[in-house]
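Since the structure comes first, as structure tokens, the remarks are kept for the end.
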Amino acid sequence: MVTLRRQYAVARPVYSEDSLAEDHEKVYRLRKTILDHAREYLTCDSKRAKNAVLSLLPIIGWMRSYRVREWLLGDVVSGISTGLVAIMQGLAFSLMASLPASYGLYTAFFPMLTYFFLGTSKHISVGSFPVLSLMVGAVVTRLVPDVGPPANITGFQNLTQDQQRVLVASSMTFLVGIFQLAMGIMQVGFIVVYLSDTLVSGFTTAAAVHILVSQLKFVLGLTVPGISGPLSVIYTLAEIFVQITSTNICDLVMSILIMVLVFIVKELNDKYKAKLPVPIPIEVVMTVIACGVSYGFNFETRYDVDVVGKMVSGYESPIAPNMDILQESAVEAFPVAIVGFAVAFSVAKVYSIKHDYTIDGNQELIAFGVSNIFGASFRSFAASTALSRTALQESSGGKTQIAGLISAMMAMIVTVALGFLLEPLPTSVLGALVIVNLKGMLMQFREIPYLWRRDKPECVVWMGTCLGATLLGLDLGLAVGLGVELLTVVFRTQFPRCSVLANIPGTDLYKDRKDYMHTLEPKGVKIFRIPSPIFFANIEFFRDKLVDAVGFNPLRVLRKRNKALRKIKKLLKQEDDATERGLRDLFRQRTDGSRMDAEELDQPSDLKHLPFQMDWRAKLPGNNTVPRVDLHSLILDFSAVSFLDISALKGLKAALKEFIHVDVDVYIVSCDACILEKLHSCTFFDDEILTSMFFPTLHDAMLHVLDKHKDKSQGWVLESKL
């Protein structure tokens, strides 16, 4: 069935950039200088001061529009549900950071207090995050190892091992907050765009592998020292397999039972989430049951099961960060700051789009920076958001951060009054809960075949990041992932897919001639397209591809022609009759009878003053051969070229002149206005390269070429691919 499509017809002159400027006056805008921008940034008035306050304290904006009757009940229910999960995760993630379990409750409380006032997201649940806990734990075990003396830190005197580790974690978290606050003040929230979804997916999958390995010792009831640095996963697995015969059967059976039950209930939650008002808090239920069973049957003494043990009751006085630890952990703190912000911002962006409100990346950096600084002063470790907690807070009815504040109050109640109830909780239960919640991150391995089929460079980024972070550690792995990602960007821009375009019959459209069954190409015309910026790294690639597209090297042709001219000049001087007759047969008579001066091989062939009209396609005397050039017009499609640097500009100018010197007219079409301005400012134009070579559209240039070369382009070449 033939589809009837709307038709349009436009009658207008054929425009070049010069003629378009003559017929249509252009607006020349005044560009602001750096001083103008600085003056505008530093100017302050009442409106700007008000906007600054509202930007710094987003709570003022959403609290004024808070709908108490509609939202309060949902926030309370959501806060209680999220708070129960945050308590369990805080205990488990604290063990991942090689800290006493009770300090995970600090992370569930203090950072949320400041984010409530400073954060722009209404839905994320601020608190511990397993990847950050693992990265903090790597520094903790490096400075305070399980076996052997701690690092030579001034503030470690007269402190127990747990106190030393808490000091390391809080000091590093303070530095993380400083980094985030500084980036927020400097307005560099855009840095998160360099962490692509593919990179984050590969990184979090590697983190899930690290988390899984780190929790095996709790599930198996083994005493394995914390190992950090490159290949820590392999060394930890080796230690586990050495001790595998010492597995605590009670821990193992209890962990397997809990993982199976939690997995089944979570699947049911996902399947019936539309019918359930609130997801079943299976982690909380299993924790309560495990605490009761462990206490009733005295697992700690009867079966030698490790338990959470003494919980810190209440809150301790604030502490200052240790300067020696700040210096020791600076390298690891920066990737923690980046990862924490990137994960939180990505999750916040998803829910802001879903609920139609905006978030500010720079303000989020400030909010998390202040939250981590404030939390570190009270011994909490690095905070971000956990995907499962945020999903629970939103799905259970949370509308604003009042739900987050209530969840923080839940953690405070447990810390102050109910912490002792969690003392008999086996650590294997916490390890099992962590492992079963890794399903989502581990299932990201399924992305590999999809990425390989759809985008191989993206698959390389995923695998490079995942392997690097798994084998070298999360901090070095993130750097490896960024390096691989930037290399793919360089690869895509340095080696773009250039193409030769042809006309779609009956239209003014020009497409890659390899992509269509029927295309039209005028004789003697070549249209070349480069789909990327042209800069110092790919200008030579551009020139090579251009030579391949036209089928000859213009510089080599020019040199051959100049060599032939020298020999012809000698033949003319000898005035040999036979040679002269041969020349007259090969060259048409001209009225101008002056002589040709000697030229360098790379200079344009000077045919003036020759007594003959040169025809380079004819057979030359004296066994001279010159490559045949059937091309008379070359059109460069610059519609996808976003910028040119100085090196590329010089290379482009040289390439254009090489074609002009062999009598090929060059035209550039669809060039961006900013690039044209740069070409004018950099004295790109001269006696050979003229502004009249530039056309606003490809079809304008083609019509100009066909009109100029009527005799040479009398026919079109029709290509059919069967």
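Cβ atoms here come from the backbone N, Cα and C positions, even for glycine.
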(request) Name the residue range among 101-118, 659-676 that TrEMBL annotates as transmembrane segment. (result) 101-118
(request) Using a Cβ cut-off of under 8 Å, list the residues of the same chain at least 6 residues beyond the transmembrane segment (125-144) that approach it. (result) 82, 86, 89-90, 93-94, 96-99, 104, 107-108, 111-112, 115, 119, 150-151, 153, 156, 161, 164-165, 168-169, 172-173, 203-204, 207, 210-211, 214, 225-229, 232, 325, 328-329, 332, 335-336, 339-340, 343-344, 368, 371, 381-386, 389-390, 392-393, 404, 407, 434, 473-475
(request) Count the CB pairs under 8 A between the transmembrane segment (101-118) and each of 72-95, 333-353, 365-382, 402-422, 460-487, then give me the winner. (result) 365-382
(message) Give the mean pLDDT for the domain 'STAS' (515-705) on the 0 to 100 scale.
(response) 80
(request) Might you confirm whether the transmembrane segment (72-95) is in contact with the transmembrane segment (402-422), defined here as three or more C-beta pairs under 8 A between residues 6 or more apart in sequence? (result) yes
(message) Under 8 Å for C-beta pairs, could you tell me which stretch among 174-195, 276-297, 365-382, 460-487 has the largest tally with the transmembrane segment (333-353)?
(response) 174-195
(request) With the transmembrane segment (174-195) as the reference, find which of 72-95, 276-297, 460-487 contributes the most Cβ pairs under 8 Å. (result) 460-487
